[in-house]
């Protein structure tokens with residue numbers, strides 16, 4: 001492994017150096033992380049950039065300085081390992097996405113989110129894979145197998161909508177914010193499941209049976225990973241509800257939540273399932289049940305702990321990507337000139353834009369058919385924003401590309417070097433250029449209202465769980481006249497939700513706790529009275 005937690009390695013000519021230099025490297029990297037946060041905060045006022053863009057720029061600058069100091073031999077402080085990303089960095093990012101999702105908005109627009117995040121990702125995957133097979137040969141990229149093209153489709157189907165989310169005002173455009181956010185997390189899960197399924201298929205003997213096996217493996221990974229995440233979340237809720245950790249120490253409540261979340265991810269990896277899907281649904285279930293079973297202080301602690309870990313992990317990755325963009329070894333191996341990686345990157349970006357448009361607009365039309373006249377529909381301007389939000393590529397694309405085309409961050413094959421450098425270019429260009437253009441585009445399509453925009457700078461992507469996060473009931477009142485197709489698409493959603501609400505209230509919450517459960521802390525009347533007085537407020541604030 002190129003990067004171990006026990007001893008992070010300073011890269012110098014491909015060899016590790018002394019412990020002193022290792023500590024120096026860690027200090028420099030941590031200082032860079034702090035700088036990214038400080039500079040990102042200072043630049044956040046106008047919302048033109050965020051910490052991700054700041055980290056990329058800082059990484060580029062640092063990589064350039066190291067490149068000059070080393071005489072053009074190296075641009076890294078630390079050696080990258082995709083294992084580090086998948087084992088330590090990815091879990092907090094995805095878990096926090098599930099943990100802080102507004103469940104009412106998520107499940108209110110569940111069918112549309114699934115259409116965009118799952119069906120749309122599959123459409124984008126097919127278009128990018130077929131386009132790569134047709135166009136890469138003309139660019140004389142090198143020998144790529146069918147499995148490589150499919151992996152490329154999965155890699156570049158994974159979106160990163162953080163820039164758009166940071167500019168969107170969820171109070172002004174709740175539907176748009178919910179769709180962009182919900183699609184993003186489902187898209188990441190679907191892309192990784194696709195990638196894992198591709199890794200397991202027999203490409204050499206590809207036929208109709210292999211295709212059926214691939215579809216079956218995808219569905220197996222998707223549903224078993226989801227069930228494992230749900231089971232882990234319910235187990236944590238049951239343990240905390242029954243054992244009453246708070247009577248001795250609230251620290252134990254926080255510890256068991258963190259460890260159970262991480263255990264669900266690692267158990268999924270051990271069983272060769274999709275850890276990203278498991279930990280995402282574990283986060284949703286924990287926020288629905290477990291989070292309400294702990295004391296007030298533990299709720300605040302866990303909320304900020306998960307958000308902070310996710311934030312640091314994202315900054316860490318983007319900072320490294322910025323430095324890796326100047327990896328002279330990969331550039332020399334890829335081509336004698338940067339023209340080929342740049343041409344390949346432009347082709348990939350074109351395929352991404354086409355693949356994105358191929359499902360956003362048709363699926364938006366289908367989604368609008370399923371909505372009642374009293375429910376807001378997705379306007380054409382909102383569809384353009386949804387299309388734009390999914391053009392950016394980030395952490396998941398980088399990690400999957402490293403997993404496919406390198407060994408511990410290194411590659412000795414020209415084609416692999418070309419794919420890595422092209423992926424880095426796509427991530428840099430889409431995040432920085434598209435990210436910079438996001439705010440003016442949004443202001444052009446949806447001008448902010450002064451009464452709501454005045455408070456925009458104080459909002460965060462990670463909305464506090466203690467804020468006014470809506471209830472959990474859908475609008476299931478009388479529907480206005482609808483077409484047969486509208487009834488076909490709408491009635492199942494309302495019926496399923498109504499049945500689930502009854503089942504949840506009658507069977508699930510009495511066993512696993514959740515909204516309305518008051519943790520009992522013996523000898524702490526202040527704590528009990530606080531919960532009693534705030535129970536109504538907290539339960540109303542729940543994002544179920």
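Numbers here mean position along the shown chain, with the first residue as 1.
Cβ coordinates come from backbone N, Cα and C, glycine included.
A TrEMBL annotation is a machine prediction, not a hand-curated record.
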Of the residue ranges 149-171, 172-194, 195-217, 218-240, the one that TrEMBL records as transmembrane segment:
218-240
Counting CB pairs under 8 Å, which listed stretch among 55-72, 84-101, 113-137, 218-240, 261-284 touches the transmembrane segment (415-437) the most?
55-72
For the transmembrane segment (113-137) and the transmembrane segment (55-72), decide whether they are in contact, meaning at least 3 CB pairs lie under 8 A, counting pairs 6 or more apart in sequence.
no
Does the transmembrane segment (385-403) make contact with the transmembrane segment (84-101) through 3 or more Cβ pairs under 8 Å, each pair 6 or more apart in sequence?
yes
Beyond the flanks of the transmembrane segment (218-240) by 6 or more, those residues with Cβ under 8 Å of it:
190, 193-194, 196-197, 253, 256-257, 260-261, 263-264, 267-268, 271, 273-275, 277-286, 288-290, 293-294, 511-514
